[in-house]
Amino acid sequence: MTEKLKQGIDQLGLKVAETIQQSMLAFLAFLQKWNQAYNLTAITEIKSMITHHLLDSLSILPYLKGDKILDVGSGAGFPGIPLAFACPEKKFTLIDSKAKKTAFLLQAASRFKITNVTIIQERVGSYQPGFYFDTITCRALGSVREIMEQTNHLLRSGGQWLIMKGAYPEKELRGTDASAIVHVLNVPGLKAERHLVEVKNNKG
């Protein structure tokens with residue numbers, strides 16, 4: 001499994017220290033254990049988790065900007081946890097409305113000493129942190145427009161949304177911000193289509 005992750009990271013053109021890669025794999029084993037009782041993810045094998053969770057999450061790393069990142073609907077921690085592992089200099093806030101998921105994330109952050117993450121259990125529309133984020137990430141949670149509307153109050157002017165999608169979201173992009181750019185993501189070992197919708201916040 002170590003070699004599979006290393007090869008995948010190399011294919012993505014990223015540099016992640018081996019110690020960090022080992023922590024990522026340990027996190028997956030921890031998730032697998034919790035998943036038996038709490039059903040946090042439908043993907044249960046470590047090999048598949050590496051592809052569908054770790055490498056999929058890390059594929060958006062080149063597009064990450066700023067120091068304050070909000071991961072919306074973080075669930076079992078994707079893409080927030082892998083990104084936090086890879087970018088210890090950035091501050092990540094992971095928000096989810098479900099108690100069992102935030103409980104897992106709190107335990108994981110403590111166990112693996114992920115000191116650059118803050119875990120919040122709340123609906124994102126009600127979240128008022130008192131500051132703005134530079135980037136908002138989201139995977140598998142609602143349409144592009146819905147995500148933008150629910151989180152607009154949290155993103156600074158000039159900041160960006162990075163919304164992860166499967167197939168090209170043509171219908172979702174109709175009527176949304178004209179500054180949307182869609183990147184094709186090539187995730188090593190993943191045959192399914194993956195796209196990243198990047199939208200800049202042009203509010204004054």
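Backbone N, Cα and C atoms are what each Cβ position is placed from, and that goes for glycine too.
In Swiss-Prot, the S-adenosyl-L-methionine site is described by G73, F78, and among R123, R139, R145 the residue recorded at this site is R139. Non-local contacts of G73 (S-adenosyl-L-methionine binding site) by the CB criterion (under 8 A, 6+ apart in sequence, same chain) comprise I95, D96, V124, C138, R139, A140, L141, G142.
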